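For reference, the structure discussed in these notes is given below.
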Amino acid sequence: MAKQAASRRRKPVEDMSGTGRPADLGVLQALVTETLLALGENPGRNGLLKTPERVAKALAFMTQGYHRDIDQLLNGALFPIEYDEMVIVKDIDFYSMCEHHLLPFYGKVHVGYLPNKKVVGLSKIPRIVDTFARRLQVQERLTVQIAETLKTKLNAHGVGVVVEARHLCMMMRGVEKQNTVAVSSSMLGAFRTQQQTRLEFLKLIRRSGVGTSD
């Protein structure tokens, strides 16, 4: 079974632009069955009969960001406007998969930008977050990808992104710390060069943290 699955495997998706090929559910199911056997389980018992199929579909869903195109997502959602104050969308829920352990990490994303004669439809910002979160990721790269995409596509004067996340690879294994929140940021343009702009953004998104009350 291992040889059959290996013969059907394709090169890993390396294109981070969001134009990768769809997941191969058949290969994924075969590999999940192999994994269950390697763990000493019996894939034929009642509770596991449909598990390979379910896991394959779940993995395909959780990595669907590889197959989303940012330009198509933003098509028709950029609007000319004479507005030069900060735009912020905060507390965007996200779920992603740690590429080191294939375990979830989740939390909040806060995004702000200074428009340069155009703005993006507000609903598109969470969609951009999901596009990059629904991949095998590390938090730092996720943060940078969101910020650089908005800076490039909007030609914004500046972009700030802060990500707060809990990592199950730190909670379920390793150090086993249940209340640790990882925080990462990416500040571009005016958010990086102008302290006042950066501080305004950080003040407006201020919160007590992921999973706690404000």
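Using N, Cα and C of the backbone, Cβ positions are placed for all residues, glycine too.
So that you can see what the record holds, here are the features copied from TrEMBL:
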BINDING   Cys98, His101, Cys169  Zn(2+) binding site
COMPBIAS  1-11  compositional bias 'Basic residues'
DOMAIN    30-206  domain 'GTP cyclohydrolase I'
REGION    1-21  region 'Disordered'
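Apart from Cys98, His101, Cys169, the residues listed for Zn(2+), the same chain places the Cβ atoms of Met97, Glu99, His100, Leu102, Leu103, Phe105, His167, Leu168, Met170, Arg173 within 8 Å of the centroid of those Cβ atoms. Sequence-distant neighbours of Cys98 (Zn(2+) binding site): residues of the same chain at least 6 apart with a C-beta under 8 Å from its C-beta are Pro104, Phe105, Leu136, Gln137, Val138, His167, Leu168, Cys169. Neighbour count (other Cβ atoms within 10 Å of the Cβ, all protein chains): 15 for Cys169 (Zn(2+) binding site). Sequence-distant contacts of His101 (Zn(2+) binding site), defined as residues of its own chain at least six apart whose C-beta falls under 8 angstroms from its C-beta, comprise Cys169, Arg173. Per-residue pLDDT, averaged across the domain 'GTP cyclohydrolase I' (30-206), gives 97.
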